[in-house]
Amino acid sequence: MAVGVFDSGLGGLTVLDAVQRRLPEVPFVYFGDNAHAPYGVRDADDIFHLTCAATERLWAEGCDLVILACNTASAAALKRMQETWIPKDKRVLGVFVPLIEALTERQWGDNSPPREVAVKHVALFATPATVASRAFQRELAFRAIGVDVEAQPCGGVVDAIEQGDEILAEALVRSHVEALKRRMPHPQAAILGCTHYPLMEPIFQEALGPEVSVYSQANLVAESLADYLARKPEFAGDGTESKFLTTGDPRSVSNKATQFLRRRITFEAA
């Protein structure tokens, strides 16, 4: 059995790290489409085709279940994939829904009508493509009423993180938080709607202030996956070993990933 984890670059490693800790007995195959990163500035068609190609590569590795550990792909491609493309014997899950369930205090599969929730003012930090898709607002509207969402497209942050430039990433995060607070001075909650952003979570929290609850995805997705596999064990595919694949330069990506997670990670060419 093996589960696939896909991201346009290295951000999905934050999700991989959490799911590996939660499910140590499950092998995971990670696919980073580093050659085409970042996805956040691409159009929806482009993101759809790249995400389908990556998903097929993970199916070929024996992963019947693939997690799109990339909010841009989850937002811009997943709905279309589920409606038009994914065969019956495979599953592809996004990273948005576990986050929204946590925010709206719902259990998985609770399809009751939308209702009032405690949090009324939510700041969303995400890539330009995720913000443009409005997928977060759409999914939230299925579950909650009366929630005001102010979205901030965070241009440049993913690039800075992928390049290992922490000083630039921190400066960009602070400027994006400032820009959002001009439009929504007192958010109650903030969503880090990109799997790269947990690496900058302390900076987001500091810039937003201690009274703002910051939601980041990795642990929420790990719990959701554990729950899913307990209910549907048949989707733990027949792959047997963990591996890391990249469309980029394996040596360069391995070095950045090792820096990223602070443990040795070795990628091979996809």
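Including glycine, each Cβ sits where the backbone N, Cα and C put it.
Per Swiss-Prot, active site, proton donor/acceptor is recorded for CYS70, CYS194, and the stated evidence type is sequence analysis. What Swiss-Prot lists as substrate binding site is ASP7, SER8, TYR39, GLY40, ASN71, THR72, THR195, HIS196, and the listing cites sequence analysis.
Swiss-Prot feature annotations superimposed on the structure.
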{"residue": "ASP7", "record": "substrate binding site", "contacts (Cβ under 8 Å, 6+ apart)": "LEU13, VAL15, TYR30, PHE31, GLY32, ASP33, LEU68, ALA69, CYS70, ALA73, THR195"}
{"residue": "SER8", "record": "substrate binding site", "contacts (Cβ under 8 Å, 6+ apart)": "GLY32, ASP33, ASN34, HIS36, ALA37, PRO38, TYR39, GLY40, LEU50, CYS70, THR72, ALA73"}
{"residue": "ASN71", "record": "substrate binding site", "contacts (Cβ under 8 Å, 6+ apart)": "GLY94, VAL95, PHE96, ALA126, THR127, THR130, GLY193, CYS194, THR195, GLN217"}
{"residue": "HIS196", "record": "substrate binding site", "contacts (Cβ under 8 Å, 6+ apart)": "GLY9, LEU10, GLY11, THR14, VAL157, VAL158, ILE161, GLU162"}
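Comparing the binding-site residues THR72, THR195 by how many other C-beta atoms lie within 10 angstroms of each C-beta, the top residue is THR72. It is CYS70 that, of the active-site residues CYS70, CYS194, has its Cβ surrounded by the most other Cβ atoms within 10 Å.
There are 25 other Cβ atoms within 10 Å of the Cβ belonging to TYR39 (substrate binding site). Largest Cα to Cα distance within the recorded substrate binders ASP7, SER8, TYR39, GLY40, ASN71, THR72, THR195, HIS196: about 12 Å as a whole number. Counting Cβ atoms from all protein chains shown, GLY40 (substrate binding site) has 29 others lying within 10 Å of its own Cβ. Taking the centroid of the Cβ atoms of ASP7, SER8, TYR39, GLY40, ASN71, THR72, THR195, HIS196 as the substrate site, the other same-chain residues with Cβ within 8 Å of it are GLY9, GLY11, GLY12, ALA37, PRO38, CYS70, ALA73, THR127, THR130, VAL158, CYS194.
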